[in-house]
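**Student:** One structure, as structure tokens, below. Some questions next.
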Amino acid sequence: MLRLSKWGFLVLTTLQFMLGMLGNGFIGWVNGSSWFKSKRISLSDFIITSLAVSRIVLLWILLIDGVLLLFSSKLRDEGIVMQIIDVFWTFTNHLSIWLATCLNVFYCLKVASFSHPMFLWLKWRVSRVVIWMLLSTLLLSCCSAISLIREFKMYSVLGGIDETGNMTELFRKKEKEYKLIHVLGTLWNLPPLVVSLTSYFMLILSLGRHMQQMHQNRASSRDPSTEAHRRAIRVILSFLFLFLLYYLSFSVLTSSYFLPATKMVSMIGEVIAMLYPVGHSYVLILGNSKLKQMFVAMLRCEPGCLKPGSKGSVYR
């Protein structure tokens with residue numbers, strides 16, 4: 001049974017990794033090519049591209065962690081390998097989550113319509129607000145990684161002078177403290193969740209008011225503003241669903257330190273965790289007209305038809 005579960009875990013992890021690399025790599029290729037050709041990029045495309053790149057790194061980290069969990073759990077849980085994985089995962093995890101949150105805020109400020117002075121002030125300065133959020137995101141991610149490195153240095157010092165029984169007990173105590181901090185670290189994911197939920201409900205309220213006005217004016221319910229509201233709501237709702245799954249898996253993974261059958265729990269958590277960076281990339285593709293058009297063209301065309309100058313090229 002355990003052998004079968006290991007093979008199932010390996011197949012699912014590899015399949016999700018390939019799908020994630022395809023989706024996020026496609027986003028990076030399309031927006032990167034457009035940026036290179038025109039020498040300019042919109043703020044939304046920049047956020048989506050940065051998000052795709054961070055998730056490519058995150059998927060590689062999850063894959064390496066999953067392979068080590070399967071074939072060398074001792075190496076995974078001890079020494080420099082664990083430290084490297086934890087530091088890179090912490091940085092890319094925070095960066096990816098906050099980049100998606102910045103995108104949700106951008107959609108909300110661009111699409112939603114309210115007469116409140118505070119909202120109007122933010123809406124008129126949407127580019128500046130989002131840019132400051134991006135800079136804060138990068139700073140927060142760096143700080144979280146640096147704080148983790150400092151924790152590791154303290155543990156390595158303790159391990160280096162670990163020759164007496166008392167020091168061994170101290171080292172074990174510090175290790176338990178680190179694991180507890182890891183569990184409590186899940187709370188850092190609550191602020192982006194709250195911000196995204198706020199953006200979602202503001203879009204719902206804005207759409208409701210807009211539909212009421214359209215009904216009073218007896219206008220069509222498929223005007224551009226309504227479609228923009230619905231598209232933004234679908235993207236944010238999909239993000240919230242996948243993020244909640246990711247948050248659940250993250251909680252399972254961090255709590256596995258204190259649970260029996262740790263390896264099986266970790267494997268289940270890893271599989272669920274990969275759904276978020278994989279699934280949300282395809283939500284972004286289908287929610288963006290340029291990416292969707294390119295993706296459909298790539299699926300329908302023969303090999304080589306997407307090269308510049310070819311008959312099926314979308315660049316023409």
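Numbering starts at 1 and runs along the chain as it is shown here.
Positions of Cβ are set from backbone N, Cα and C atoms, glycine also.
Fair warning: this is a prediction, and the values are worked out from it, not measured in the lab.
Below are the features listed in TrEMBL for this protein:
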type     : residues : note
DOMAIN   : 23-284   : domain 'G-protein coupled receptors family 1 profile'
TRANSMEM : 6-30     : transmembrane segment
TRANSMEM : 51-71    : transmembrane segment
TRANSMEM : 91-109   : transmembrane segment
TRANSMEM : 129-149  : transmembrane segment
TRANSMEM : 193-211  : transmembrane segment
TRANSMEM : 232-258  : transmembrane segment
TRANSMEM : 264-285  : transmembrane segment
**Student:** Any chance you could find the range in 51-71, 129-149, 264-285 with the most Cβ pairs under 8 Å to the transmembrane segment (91-109)?
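**Tutor:** Between the candidates 51-71, 129-149, 264-285, the best contact partner of the transmembrane segment (91-109) is 129-149.
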**Student:** Below 8 angstroms Cβ to Cβ, which residues of this chain, lying six or more residues outside the transmembrane segment (193-211), approach it?
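**Tutor:** Distant Cβ neighbours of the transmembrane segment (193-211) are 100-101, 104-105, 107-108, 111-114, 221, 225-226, 229-230, 232-233, 236-237, 239-240, 243-244, 247.
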**Student:** With Cβ-Cβ distances below 8 Å as the criterion, list the same-chain residues six or more beyond the ends of the transmembrane segment (51-71) that contact it, or say none.
**Tutor:** 6, 9-10, 13-14, 17, 20-21, 23-25, 27-28, 31, 81, 85, 88-89, 92-93, 95-96, 99-100, 103, 263, 266-267, 270, 273-274, 277-278, 280-281, 284
**Student:** Which value does the mean pLDDT take for the domain 'G-protein coupled receptors family 1 profile' (23-284) in this predicted structure?
**Tutor:** 78
